[in-house]
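Undergrad: Feature annotation from TrEMBL assigns domain 'Cytochrome b561 bacterial/Ni-hydrogenase' to 10-177. If you look up TrEMBL, you'll see 20-39, 51-73, 94-114, 145-167 marked as transmembrane segment.
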Amino acid sequence: MSNLSDSPDRFGLVSRAFHWGMAALFAAQFLSAAAHWALPRESALRGTLWSYHTNLGTTLFLLVLLRGVWGLLNLRNRPAHANFIGQAAKLGHLALYALMVIVPAVRLVASAGGTRGFSYFGISIFPARETAIAWTQVAAEWHGAMGWILAALVLGHIAMAVVWHRLIKRDDVLSQMA
Ligand code: HEM
Ligand code: HEM
């Protein structure tokens, strides 16, 4: 059990599996969003990269909920954040969590109240409606912009881990998650 759970010295196997597994899936999700943004509609590559966006986005939504529960169960045993910069890192992680939930959630709410219906890997989750429920569509207008803010935060997060902790401070923060 001790290897699986977090400890004050390092993140346990489950947290590390969530972290690196989801990091890889987020890379694929941002690639799909970038293709949607940058490539012409008729591009076959855009079609391929976009084809998994809703299934992967929904999977990430479910995973972040599980990861959040696991994080809360381990909250008292995780590597601590001392001083001011450590507290700022905590806030940064909280912002990552908030956007990891909100970005897919607003689209899923829009799908629940929208006219197209919604399926997850071929299983119908929300049936199509004749008319959309107006309020469900409002926040989804911000889905793309918030998704790009999340991408920018992730880039900052990687820079802090690699440049600040690994190259400048040369501390063991990266190895706590590696
Ligand atoms: C954490 C998960 C997700 C991330 C990071 C994400 C990210 C993004 C980003 C950055 C864009 C903008 C692309 C552009 O500029 O052209 C976008 C667009 C879009 N996403 Fe997602 N997405 C996620 C989950 C989902 C889910 C679960 C759905 C559907 C249920 C969805 C449906 C769409 C649609 C329809 C668009 C195009 C319209 C728009 O920009 O709102 N996404 N997504
Ligand atoms: C190459 C990519 C990445 C590297 C090198 C990296 C590195 C790290 C390190 C070293 C920690 C521990 C920091 C600490 O204890 O203060 C951490 C924690 C964290 N990372 Fe990353 N990370 C990467 C990608 C990502 C991505 C893509 C996300 C989310 C979209 C993410 C979200 C988090 C969160 C929320 C934490 C807090 C601990 C937790 O609840 O899992 N990271 N990361």
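Any Cβ shown, glycine's included, is placed from N, Cα and C.
Just so it is clear, the model here is predicted, and its values are computed rather than measured.
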Undergrad: Please indicate, using numbers and ranges, the residues of the same chain that are 6 or more beyond the transmembrane segment (94-114) and have a C-beta under 8 Å from a C-beta there.
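TA: Non-local partners: 54, 57-58, 60-61, 64-65, 68, 71, 125-126, 128-129, 132-133, 135-137, 139-140, 142-143, 146-147, 149-150, 153-154, 157.
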Undergrad: Take the transmembrane segment (145-167) and find every residue of the same chain, 6 or more past its ends, with a Cβ under 8 Å from one of its Cβ atoms.
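TA: Contacts with the transmembrane segment (145-167): 26, 30, 33, 89, 92, 95-96, 99-100, 102-103, 106, 173-174, 177.
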Undergrad: Could you tell me the mean pLDDT the prediction assigns to the domain 'Cytochrome b561 bacterial/Ni-hydrogenase' (10-177)?
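TA: Looking only at the domain 'Cytochrome b561 bacterial/Ni-hydrogenase' (10-177), pLDDT averages out to 96.
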